[in-house]
Amino acid sequence: MAIYNRVWIPDSEEVWQSAEITKDYKAGDRFLHVQLEDGTELNYPVDPSALPPLRNPDILVGENDLTALSYLHEPAVLHNLKVRFVESRLIYTYSGIILVAINPYKQLPIYGDAIIHAYSGQNMGDMDPHIFAVAEEAYKQMARFSNQSIIVSGESGAGKTVSARYTMRYFATVSKSSSNAHVEDKVLASNPITEAVGNAKTTRNDNSSRFGKYTEISFDPSYRIIGANMRTYLLEKSRVVFQSENERNYHIFYQLCASAMQPEFRHLKLGSAEEFNYTRMGGSTTIEGVDDRANMIETQKTFALLGLREDFQMDVFKTLAAILHLGNLEITLEDSHLNMFCELLELNSDKMAQWLCHRKIITTSETVIKPMTKPQALNARDALAKKIYSHLFDFIVERINQALQFSGKQHTFIGVLDIYGFETFDVNSFEQFCINYANEKLQQQFNLHVFKLEQEEYMKEDIPWTLIDFYDNQPVIDLIEAKMGILELLDEECLLPQGTDENWLQKLYNNFVNKNALFEKPRMSNTSFIVQHFADKVEYKCEGFLEKNRDTVYEVLMEILKESKFRLCASFFQDNPAPISPFSSTISIKSARPVLKSPNKQLRMTVGSKVLCFRSSLSLLMETLNATTPHYVRCIKPNDEKQPFEFDSKRVAQQLRACGVLETIRISAQSYPSRWTYIEFFSRYSILMTQQELSFNDKKQICKTVLQRLIQDPNQYQFGRTKIFFRAGQVAYLEKLRSDKLRHACIVIQKGVRGWRQRRRFLRVKQAAVTIQQYFRGQQAITAQALKQTWAAIIIQKYCRGYLVRKLCQLIQVAAVTIQAYTRGFLARKKYRKVQPIAKLDFSNWKQQLLSKKDGDKGSDPCYFTLHVLFFCLLLISKKNKAHSISSECLIVSFRILEKNFQSQKQDYEKEIESLKGEIKVLREEKTQLQQQIQQEITIQDDLKIEVGQLTKQAQPRGVVVNMIPGLPAHILFMCVRYADYLNDADMLKSFINVTIDGIKQAVKENSEDFEMLSFWLSNTYYFLNCLKQYSGEEEFMKYNTPRQNKNCLKHFDLSEYRQVLSDLAIRIYHQFVLVMENNIQHMIVPGMLEYESLQGISGLKPTGFRKRSSSIDDTDTYTMTSILQQLSYFYSTMCQNGLDSELLKQAVKQLFFLIGAVTLNSLFLRKDMCSCRKGMQIRCNISYLEEWLKDKNLQGSNAKETLEPLSQAAWLLQVKKITDDDAKEICEHCTSLSTVQIVKILNSYTPIDDFEKRVTPSFVRKVQVRAAPLLFHIEVTGIISTYDFLLCFFYCSSFFFTIL
């Protein structure tokens, strides 16, 4: 319970501060007893109806999507952003449909082409939040549905321009056109130009956009860029003539001054920026780290890339130089700057000098020329400078649009809106009012879109829709733009010749004070008014509203400029100028009131034109956005000091309120903010399920049953078709149950282990105690008397035991002798009785009987007779002194009888063998006949197979490739070459080889995506090339030939030229061969190596918020590690079947393993949710499968295993302990294949899956960086400032291929 009783309380410095409840809160208590993180005890006063917001479990902190948080409120959002930005150094975070981008104030290497390709084709929830993910989502939805728009907003210095630039760069990279027009480069080239003429240094930002821009990128039906168009809004013209302290004018002026000494600019008579009023006013003419001269060269290059020639560029630069000289104008007879201004714009200097100091007043009866005061003259000069620059800016935009025009009709488009966010300063004027008005319109569109998406999500999941209360800012918009609103009253005041800011303000007071709750009058000021915007209250100074809204230049000055001989300048002030862009030509918006002509003809422009123009362009913008699917990027400025990775909670909270992020959170929190797929819920909370529940086959039903048991209130969740919707706090409650279950299981395990250890310890202690007692008691018993008695007892026992044993032995001996005597006597008497009758026989009778038996019946059994004779002989032998001669004769007779019998038996056996041989011969003949019949049947079957094969060949040509002998085509081709050499026919040889090469090229071209065919032709091209090298003069090959092989060498031709052509062809085939393999396996790598869980029961799934990786309950179609191994086996078997050289085969396998390791590691770097201990175990398991595959295929010598070493070390790094100095040392020593920045990236991205895991502290990361400082220093010195490096997959170079060949 201790980790779930933390709350957020307000703090004056950090906005919100975490505190832990130290005493149970009871209903009605007026104070909450808490302890702050620094240990301070505090009694915090609380309102029972509004208790402090709860803090999320640590497991949910640092999420990619803020909507994944269980408790959704301002402190949770602020803390999550701070953890990601400061600790993990991650600048992007999702908040539902919004991408929150925090400016790091540091160049990060996360925008290269490698990153673009990594995000290309990926779903938005599959990778870490990134501006490229938003761009990819817009690109895919454009291809599937309709037009898209990306709205990038934020206050000055938040990084809007950079974000918009990167989205356009992403589109240009992933949608390369097939033409040579380089449209993508032109689209990107428009950014440096518009930034040069529309961006400036401010106190908040060194490259602040001082205008709004909507760039519409057009695509053809193949979704390739064919052109673009740009629309601009509300250029800050006042910056041309005035800059605040530490600010600069537009960049282009300083670039021009930095290039003043160049030959092509000397005629402009410029100098350094300190010499001109319009560039030195802010006291800061340079920007640290910015080379204005180099930027000028880049601007000229981009002009040329857009097809804007040098004469056009020079006209632009002449106009800019004229503005600078106009700013130094003092209006004297010999004013050099006036003369230079008139010379550059080809004006009449006398007229210009006169009408800059005088004004013409035309009445009904007369015309009066009245001299102006100095302030009036300076205002007229500044108004003219602003007017010229405004026209020049519009003209440049128009020419950019013309350069990006395209023939034909656009199929779809993606619009990128880079517009100012909500602004509030110490002094707010007309510009801030227009900016905040535009943001009110955008916020209304945003609220409606979020509301619409919520409704669509509920309908998609078949969940009952309940009305969600969201903030509607229509009353504020009505206050500003409705009839008799602020803008209409401003237009009305501008119609009056004597209209003033004070009169207009008084009308506002009369109409709205105490009548409209959104309008207030400041207590201490009569020159300001307050408007309650959706983000905050803003106080506006009325001074300058009318002048800026009128945007007037005296008629006479405009007539002078219209008469200019400088065509560009004259075109600016024509009565009917051409439309600035195709957009403006379609605008047709009428004012709510009729426009009256002023009786004073000195006013050239229509009164109220500034507001009307802005309202019309804003209305057109809203129509465009409403007709597209919007994507939102909110840029946040983390601090005002521009310090890298410093987080000012006050400033960030202010911007979060202003940009609509907290409103999105509030809308989500009112309904069901936490949304999990059934698979995610099952994987995460299966530990809470009973065995009976797990026995069900339907996972969806299991989730429903478990949730109904765990959460009793059915209103706290809803079951959708593919997801479960939770109200705020329910996921935190489930996490608590899961943590308690794991903690209880840990306690049970610990109890068992501790009991076992204690029992072992007790038994050891008991044994030791018994041993000690034994020796102690023995020590006490040892005395002299006891020793004597013991010795005497031993002596007595010895003699007594000896006597008893001897007595027993004697008795046993007597008994044994007696038994033996009686037994031997019995046996002797028995034997005697048997021998006595035989001994009485007469030996003579025995001899006669034997002789008679010898001549008797020969059919009797010789063996029986022989046994009797031998027995008789033995008896005779036993008569030692009587029958020696008789026994010898008997033996001779017995042997003769045996010999005769053996001879007769031999003859019988031979006859039997002969008969058996005859039978065998007959059987063999029968066998031969049967074999012949079988062979005939096999031949018939083979003929059928050949016919089937021919039919298969006609249907599928690759069947020939599969069944052909490896290398046979190559050897046949070489035989043809030898035949041409034998005939010494050069024409035949040349024609044959050319036809062969063309045929191979054609076959490869027609089957460029057929892996088997490419493998076949690669193998045969390689063999053919080797044959040519071996037999046509390649010394490196011929020196290994045998004398017989040398005899077969070509005699008449040296084919070195053709060998080179074939070598280049083989390289091309190999590159295409590897490319096909990579294309076939690449889409399996991330799902199989990272997402699939090879080790069952070790799940690393966490809530993913609004952006889901999957919405399906069925994940059977996803790729697994088995899919990768099967694909590798298919590649290997095909290469072996086609007889591909072993070195080439090893090289191809190494390339595939390099691709697997690189793609997996790259994805790991870009997916914070994958950087966990459990995922490290899964990756190491998958690597072991790959190593087993190499071992099974006997490819250990291919060095493919070494290409996986960086990935293996990254997986090890995820699992190892990361706390102490020794851990840091071990990491640096072990991770030798990873760079320091890669190690730091993994450590910063490490994400705990359970409460018992801890995040890597910033101090530990710094320890690792310090230990690897030399490498990090090298990276910074060489300019590769990197958070992590990518292992890029590339084709091995041709030189390496040559070494193999």
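Glycine residues also receive a Cβ, built from the backbone N, Cα and C atoms like all the rest.
No curator has checked TrEMBL annotations; they are predicted automatically.
Residues or ranges marked as ATP binding site by TrEMBL: G154, E155, S156, G157, A158, G159, K160, T161.
Mean pLDDT for the coiled coil (899-940) in this predicted model: 82. The coiled coil annotation in TrEMBL covers 899-940.
The annotation domain 'Myosin motor' is assigned in TrEMBL to 61-739.
Positions annotated as domain 'Dilute' by TrEMBL: 993-1270.
Residues 81, 85, 95, 97-105, 131, 134, 137-138, 141, 145-160, 163, 167, 204, 214, 216, 231, 233, 415, 417, 421, 437-438, 441-442, 445-446, 449, 583, 586-587, 589, 646-648, 651-652, 655-656, 659-661 of the same chain, all 6+ positions outside the region 'Actin-binding' (618-640), place their C-beta atoms under 8 angstroms from a C-beta of that stretch. The region 'Actin-binding' feature in TrEMBL is assigned to 618-640.
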Near-site residues: ATP, ref G154, E155, S156, G157, A158, G159, K160, T161, CB cutoff 8 A to centroid: N103, R204, N205, S208, S209, G421, C635, K637
Neighbouring C-beta atoms (10 Å sphere around the C-beta of E155 (ATP binding site)): 24
Least buried by Cβ count (within 10 Å) of the binding-site residues G157, G159: G157
Intrachain C-beta neighbours of A158 (ATP binding site), sequence separation six or more, cut-off 8 angstroms: A101, N103, N205, G421, C635, I636, K637, Q655
Among S156, T161, the one of these binding-site residues whose Cβ has the fewest neighbouring Cβ atoms within 10 Å: S156
The region 'Actin-binding' (618-640): DSSP-derived helix, strand, coil residue counts: 9 helix, 8 strand, 6 coil
